Ligand SMILES: O=C(O)[C@H](O)COP(=O)(O)O
């Protein structure tokens with residue numbers, strides 16, 4: 001038996017367009033992101049990949065994208081489960097700062113180490129910084145000493161996988177088509193797990209905004225086709241290149 005998993009990064013956000021590190025800052029998608037989400041609905045409809053259940057993060061750019069994508073293929077009524085464990089990676093002190101300015105200030109090597117290394121997090125954000133979520137009510141259930149103030153991708157894998165095993169895999173095992181609408185780095189963490197990508201090689205993987213990535217999974221919930229398949233490969237290729245080059249002048 002195989003199962004159907006669709007991964008969808010939120011459409012372009014207001015801060016993606018401004019080239020700002022976002023992380024857990026709760027910005028919305030912009031007009032382009034809205035159009036990307038509506039286009040994702042058409043792609044799902046055209047391939048008859050109609051989700052039976054939705055999993056999202058606690059951030060509005062993912063929630064808004066999911067609502068538009070599902071509304072556009074008349075699946076707005078399906079059950080939804082939300083978790084901080086699908087949130088974007090927490091970018092620590094870099095949240096709210098300009099990617100190009102950070103690259104200029106600290107140099108290419110440090111910029112890329114903070115952005116794409118597996119196990120080196122940016123400096124932690126101060127709990128009372130305007131771009132900190134430490135006191136945000138939606139994270140009240142996370143024990144205070146476990147509430148992230150910064151994360152590396154290794155941290156994201158560690159907090160995302162328990163959710164994958166406990167909440168997403170059971171839906172797949174029940175034969176449901178699952179839509180996971182999340183973020184560039186929480187999806188990089190999940191793709192790393194699915195495709196068995198090494199800690200070094202994951203640095204070269206980037207996820208485009210708003211383009212569904214479809215995986216057919218075997219009965220061990222591993223991809224039948226490594227890497228899955230973007231429902232709009234050409235658009236995905238262009239968007240991936242743009243994500244890769246963020247911060248460059
Ligand atoms: O949180 C952010 O800044 C972006 O959504 C992801 O940024 P990155 O592609 O630079 O990790």
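Using the three backbone atoms N, Cα and C, a Cβ is placed for every residue, glycine included.
Per TrEMBL, the features are as follows:
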| type | residues | note |
| --- | --- | --- |
| ACT_SITE | 10 | active site, tele-phosphohistidine intermediate |
| ACT_SITE | 88 | active site, proton donor/acceptor |
| BINDING | 9-16, 22-23, 61, 88-91, 99, 115-116, 184-185 | substrate binding site |
| SITE | 183 | site 'Transition state stabilizer' |
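Highest Cβ count within 10 Å among the recorded positions 10, 89, 99: 10. The two recorded residues residue 99 (substrate binding site) and the residue listed as 'active site, proton donor/acceptor' have their Cα atoms spaced 16 Å from each other. If you count neighbouring Cβ atoms within 10 Å for each of the binding-site residues 23, 184, the highest count belongs to 23. For residue 183 (site 'Transition state stabilizer'), the Cβ neighbour count at a 10 Å cut-off comes to 26, with all displayed protein chains included. Between the C-alpha atoms of residue 88 (active site, proton donor/acceptor) and residue 183 (site 'Transition state stabilizer'), the distance comes to 5 Å. Separation of the C-alpha atoms of residue 89 (substrate binding site) and the residue listed as 'active site, tele-phosphohistidine intermediate': 14 Å, rounded to the nearest whole number. Proximity to ligand 1 (Cβ under 6 Å from any of its atoms) holds for these recorded positions out of 9, 10, 12, 23: 23. Cβ neighbour count for residue 9 (substrate binding site): 30 (other Cβ atoms within 10 Å of its Cβ, all protein chains included). The residue listed as 'active site, tele-phosphohistidine intermediate' and residue 183 (site 'Transition state stabilizer') are 6 Å apart (CA-CA, integer value). Long-range neighbours of residue 12 (substrate binding site) (same chain, six or more residues apart, CB within less than 8 Å of its CB): 29, 30, 32, 33, 36, 209, 210. Cα-Cα distance from residue 184 (substrate binding site) to residue 10 (active site, tele-phosphohistidine intermediate): 8 Å (rounded to the nearest whole number).
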